[in-house]
Amino acid sequence: MSLLQLNLDGVRNLQSVDMAPSPRINLINGVNGSGKTSLLEGIHILGMGRSFRARQLKNVIQADTPYMTLYGRLEGDPQVSLGVRRLRGSSELELRVKGDKNARLADLVEVMPLQLINPDAFRLLEGPPAGRREFLDWGVFHVKHRFLEIWKRTRRALKHRNAMLRHGRIDPRELGVWEQELATWGEQMDTLRRAWFADFLPVFEETLERLLPLPGLTLHYARGWDKKRSLADVLEASRATDQQMGFTQQGPQRADLRIKLNKQPAIEVLSRGQQKLVVSALKLAQGRLLESASQRHCIYLIDDLPAELDAHHRSQFCQLLEDMQCQVFITSVEPEALRQAWQAQTTISMFHMKHRSDGLSQLVPEG
Ligand SMILES: Nc1ncnc2c1ncn2[C@@H]1O[C@H](COP(=O)(O)OP(=O)(O)O)[C@@H](O)[C@H]1O
Ligand SMILES: [Mg+2]
């Protein structure tokens, strides 16, 4: 999946973008504040329906502009078009996928798998489990087709059970019904996550070995409840304490990926630089597994890479990307540092973010 055409209108400080990216490596340079991250942000919104740096999409809309429109055309036979529009005064995101106005967010996410590596990425290790769960579920969603349905049913059952626990109005029969639903779908969710993880682990280990060998580093999937008991048993046994707490304490909603070095939490023992490489290996492994499992490529958005890695690791990282044959959008304030990281035969399309006198920036291809 690569973007053949990208149009962004009304995004941050960007003058209308009309870009024909290369299916491989696109390098975007420009001074601080010129709009490089905004370009990646636009692609991210187009593929995920949300920004990676603004909680509210209205803040991404260009000042004094009533709306933003994002459009992309993906390679394929036939080519796939997708569009997103957000009006300043509305909280609704209008989506269109392959001409279908009733498209949902999951359709968007499905046609354009994206991975982001930016200076905040190391939070994947440091931050709460929700981020790692999202990472895990991204992988499962893209390779296991039943996952979305199972995930929705699990979430629905959990919502009902939690509402009953919270309000303390418990009709044992109704609680039993939702518990059974939760147990059934939650077990299925675990089965898919576990199957995905079994495929993911060797790919991750191999990727990390190429990027930064760290003997003693382990990655483990924790399903969110006792290993030895069924979810149905766990829910029944914890009913009383769940009621005291007002929510369901164990279940697939607590799943996590645990990363350790010699049995200690990786976050406590790895240097910041090592953490960044581990996160990079996780994210590159996602794309590599997607490729081998479904012959699809994901698009990589990489913000400020030279600032993150030393020259040696930067070229290891770039080489892994080159081997993957995927489309990459990568930003830099020092284009030379990044240019040198690639093998000589790799063609790199260069773009420059040029400040204009009206305060906006224009994306200009460089010959
Ligand atoms: N909604 C907006 N409308 C117009 N300009 C904005 C808006 N939000 C941010 N900006 C400006 O756009 C620029 C975006 O910079 P950014 O994309 O982070 O640049 P870079 O990544 O090249 O450093 C900043 O100068 C910022 O002040
Ligand atoms: Mg930036």
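Just so you know, glycine gets a Cβ as well, placed from its N, Cα and C.
TrEMBL does not curate its annotations; it predicts them automatically.
Residues or ranges marked as ATP binding site in TrEMBL: Gly30, Val31, Asn32, Gly33, Ser34, Gly35, Lys36, Thr37. What TrEMBL lists as domain 'RecF/RecN/SMC N-terminal' is 3-352.
For the binding-site residues shown (Asn32, Ser34, Thr37), fewest C-beta neighbours within 10 angstroms: Asn32. Same-chain residues with CB within 8 A of the center of the Gly30, Val31, Asn32, Gly33, Ser34, Gly35, Lys36, Thr37 CB atoms, the ATP site residues themselves not counted, are Ser38, Thr331, Val333, Met353, Ser361. Remark: of the binding-site residues Gly30, Gly33, Gly35, the most isolated position is Gly33 (fewest other Cβ atoms within 10 Å of its Cβ). Taking a Cβ cut-off of under 6 Å from any atom of ligand 2, none of the binding-site residues Gly30, Val31, Asn32, Gly33, Ser34, Gly35 qualifies. In the three-state DSSP reading, Lys36 (ATP binding site) counts as helix.
Averaged over the domain 'RecF/RecN/SMC N-terminal' (3-352), the predicted model has a pLDDT of 94. Sequence-distant neighbours of Val31 (ATP binding site) (same chain, 6+ apart, CB under 8 A from its CB) are Val333, Met353, His355. Less than 8 angstroms from the CB of Lys36 (ATP binding site) sit Ile28, Asn29, Gly30, Asp303, Thr331, Ser332, Met353, each of them six or more residues away in the same chain.
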